[in-house]
Amino acid sequence: MAAAAPPPPPTEPPSTMPETALPRHPVFTRIRLATPSDVPYIHKLMQQMAVFERLTHLMTATEASYSSTLFSPENKPFLSTTILILEVSQNPFTDTHFDNDPFYKPITKTVTLDLPIDDPEKENFKTQHGNEVFVAGFVLFFPNYSTFLGKHGFYVEDLFVRECYRRKGFGKMLLTAVAKQAVKMGYGRVEWVVLDWNVNAIKFYEDMGAKILQEWRLCRLTGENLEAYGATE
């Protein structure tokens, strides 16, 4: 019987990446406290959110009303209405003046994507804090109180990420930032509402571990009815 052929020599690992490997595209992100100079971006984002939620008929806010109500001297971050801004850039952030904010140290993170992001509105959302830094989203929240827990919490009024930046984990980053601040302050919970037709958002929140409370209904008194009750003796 003939001797068995010797095994083939081990294959050397390729010295270069396979031609089919996809290039990677880093996106540098920063979550920071909003400032009065962000009001134009906040107003644009609110208008886009109203369109997305099909509620443009309720949108009457102006840049002036945001400036006077969100950034008055009485407003203290996290003790009143607070906005965290999500910025993105193709380059690392080089400005450091936000790092000296006494209320909040910005959160920076690098996200690696398979494809570059095409932002058709980037010129409208370019900030003055960097040549190629753009506002991608925001979260607005304020403190509330649970009598059952005997603790304060945060209520998230608005969470919005511009369309070209969705489904990349940026919304989760914003909510996580709120949760981290709640834990830091010893607060008991973070809560918000979601539109019943927004199944993608509901799935997203459930995957995060949020409980959707089907038995609760939002009640709202506004407009003429608010005026009528406010004038009742």
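Numbering starts at 1 and runs along the chain as it is shown here.
Cβ coordinates come from backbone N, Cα and C, glycine included.
For 1-16, the entry in TrEMBL reads compositional bias 'Pro residues'. The region 'Disordered' feature in TrEMBL is assigned to 1-22. Marked as domain 'N-acetyltransferase' by TrEMBL: 83-232.
Taken through DSSP, the domain 'N-acetyltransferase' (83-232) splits into 44 helix, 43 strand, 63 coil. For the domain 'N-acetyltransferase' (83-232), the mean pLDDT of the prediction comes to 94.
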